[in-house]
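Pulled from TrEMBL:
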COMPBIAS  16-47  compositional bias 'Basic and acidic residues'
DOMAIN    53-120  domain 'Histone-binding protein RBBP4-like N-terminal'
REGION    16-49  region 'Disordered'
REGION    246-286  region 'Disordered'
REPEAT    285-322  repeat 'WD'
REPEAT    330-363  repeat 'WD'
REPEAT    379-412  repeat 'WD'
Amino acid sequence: KKQNKRCRGWLLEKERERERTEEGGKEKKSRGEERREEERREEKEKSGMGVNERYTQWKTLVPVLYDWLANHNLVWPSLSCRWGPQLEQATYKNRQRLYLSEQTDGSVPNTLVIANCEVVKPRVAAAEHISQFNEEARSPFVKKYKTIIHPGEVNRIRELPQNTNIVATHTDSPDVLIWDVDSQPNRHAVLGATESCPDLILTGHKDDAEFALAMCPTEPFVLSGGKDKLVVLWSIQDHISTLAAEPGLSKSPGSGGFPNKSASKAGGGNDKRTKSPSIGPRDVYQGHTDTVEDVQFCPSSAQEFCSVGDDSCLVLWDARAGCTPVVKVEKAHNADLHCVDWNPHDVNLILTGSADNSVHMFDRRNLNLGGVGAPVHKFEGHNAAVLCVQWSPDKSSVFGTSAEDGILNIWDYKKIGKKQDSTGLKVPTAPPGLFFRHAGHRDKVVDFHWNASDPWTIVSVSDDGESTGGGGTLQIWRMIDLIHRAEEDVLVELENFKTHILACERS
């Protein structure tokens, strides 16, 4: 079965090295082992401690660092996690949709999972409650609601901002699959079960498109990139407009505007329908010289977007200017680029993450210097390839980054150049701008997503197969607000708390 390039590339390289040393005889094997031991020692020195030691230390700090944390053991790794719509608000917690994937070994089908998650409100959970969790158990806060049997692996999930019940998925094929999760029937993921039928298939790639996927914030547009070095743009509205003109079709409530025959949703759990409809792209954009790894729309324009790839380039596009790059940033990093995100509060700022372990922040008004990328800031807080970057939906200067080192870092670029205070990370060697490190995962953090309905709450997933032999770990967490609030507000609250304690002691 084809492996996930990002998650397993390092292991494959080490396996090739082992085979080469074995072929060279015992003497060469011994030298290879010594070299690997030296690499492991250097890596440990860089990280300061081993994974298990780091995790054990992190667990002791959970009651101090977190306002709430839910740990959910996954049987199979999930390569993507996304928040869906908020369903219900209550006194102490809210109920919200969560989209996950299950990447199996073939003994059961791969699935797209729709879960209902109970998100505990700020300052509700007791410290002893959030610190007492079992790594091997499933969290009572996460309940599976519906399962869709997915054709192939689910490498990436993205929800449509105009209707978050509509999601797109990338798999190990050239197509993008569109799902109406409300109208899709619930399936039992057993060996031999027929695949669920997508509500729409987007065609246009000439080779597999596995990771690069984005939805437009302002229009029902879908953007994708793949191994064919292309960036492809579709409009879901093209499909809706075509179907709406056909007789006998109506808009189904809750379907996000997908017209469909009422009979098409019949058939219960088997979901045996006619072949999925498909549409071609509006435009195809050429400019990369290697695989396109990630794409992102400009938050304020459906016509502008960007892409990054294994050619180490950041490319900006404008649909109004044709199908060639508006700006191409050569050598945006010193290695493959894995991820990109565009600041929703300041459209001049773009983040990129790379296999060179770093994150760069670019200002699109001044992207190049001397023919190479000129980032405004370089953030170097990871010891392995960066897999995901995302701006906070709430605060314009804050963003998160996750990597193969098992760490999810939270940064504030406005802290750069300022003295770290009591609300910051009290470590002398902390990289500029870094103010929180989530070390709750024991292996590569392949994806995370800020919660727009509860902006400081984050869901993150790790693929734990290499470190623990398990499937994966899903964590939903929120740092204590004393860490990210303004220092003067925190000091006032602590002083009031101190006064209260002294008054209690006197009484």
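Heads up, the Cβ atoms here are built off N, Cα and C, so glycines get one too.
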*Structural state census, the repeat 'WD' (379-412) (DSSP three-state)*: 0 helix, 18 strand, 16 coil
_Quick test of the contact rule: Cβ under 8 Å, at least six residues beyond the ends. What residues does that give for the repeat 'WD' (379-412)?_
6-7, 10, 43, 46-47, 51, 335, 338-346, 351-361, 430-439, 441-452, 455-456, 458, 460, 462, 467, 479, 484
*Go ahead and report the DSSP secondary structure tallies for the domain 'Histone-binding protein RBBP4-like N-terminal' (53-120): helix first, then strand, then coil.*
13 helix, 38 strand, 17 coil
*Can you check how the pLDDT averages out over the repeat 'WD' (379-412)?*
97
*Structural state census, the repeat 'WD' (285-322) (DSSP three-state)*: 3 helix, 23 strand, 12 coil
_Using DSSP, what is the helix/strand/coil residue split across the repeat 'WD' (330-363)?_
0 helix, 17 strand, 17 coil
